[in-house]
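Have a look at this one before I ask anything.
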């Protein structure tokens, strides 16, 4: 079988074989037997929309560069770290915000409309499930399309903040050196030095994207809510995630403890491989449309 590279946005998708017909049948049986499917998605569902991930072999950020995402404590404590983050984010935002859902996002939306999908939890912060029309959904790590003030809690849209950046930096320009997974780009310290960052218009506080940075934790209320949705479900499907981050992995452990059947669609190994009912090494956008 030839290697699958069908997606027009395949630069960040690891090479893999096309779906095996026998495996498609197994997944069809799994989905058909599910009445209240709990779905968890990760970065591997969005790579086909042109958004890179962190861990994919050969094409993920960790494989391509020695760069690492911003840490929560660094962002909160260090004004220079915030300046660097927002400068990179400002340059990357027009492209990042323009990404559109791919076939996999649309299939999951359709399963929700059909009453097959009970709840969707995404670890992604790219808003692609929302753009696709999913509603029974929790954004586990938040969303880059929203910004809030760390001091007063006021929220604004990221698109509105872009206008404030433009007003504060009318002559600032920077050419990016590569794209990172969460909407930012690579810039040099020299490029960042003169970039101006606005404060909260309500209280003058620090503005932060409404996402869980590395080193931060998901709120207890959100975790409890997702556990409740899982308790109402009868099976779990993981799509496009190696589940290396504990904030998502904990729900797979809970599903295992509840003896729920678990299916995985992911190119490469995951933390669940040894206890999943079914593991398919395929592209989500190629495999999910084959399930009816």
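Backbone N, Cα and C atoms are what each Cβ position is placed from, and that goes for glycine too.
Pasting the relevant annotations from TrEMBL:
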DOMAIN    17-292  domain 'Deacetylase sirtuin-type'
ACT_SITE  141  active site, proton acceptor
BINDING   149, 152, 200, 203  Zn(2+) binding site
As a test of the contact definition, list every same-chain residue at least 6 positions from residue 200 (Zn(2+) binding site) whose Cβ is closer than 8 Å to its Cβ.
149, 151, 152, 154, 206, 207
Measuring CB to CB from residue 141 (active site, proton acceptor), give everything in the same chain under 8 Å that is also at least six residues away in sequence.
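Listed in sequence order, they are 123, 124, 125, 211, 212, 218, 247.
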Tell me the Cβ neighbour count for residue 149 (Zn(2+) binding site), meaning other Cβ atoms within 10 Å of its Cβ, over all protein chains shown.
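19, counting other Cβ atoms within 10 Å of residue 149 (Zn(2+) binding site).
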Apart from 149, 152, 200, 203, which residues in this chain have a Cβ no more than 8 Å from the mean position of the Cβ atoms of those residues at the Zn(2+) site?
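So the extra residues in range turn out to be 150, 151, 153, 154, 199, 201, 202, 204, 205, 207.
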Let me know how many other Cβ atoms fall within 10 Å of the Cβ of residue 152 (Zn(2+) binding site).
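Its Cβ shell of radius 10 Å holds 11 other Cβ atoms.
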Give me the long-range Cβ neighbours of residue 203 (Zn(2+) binding site): same chain, 6+ apart, Cβ under 8 Å, in sequence order.
149, 151, 152, 154
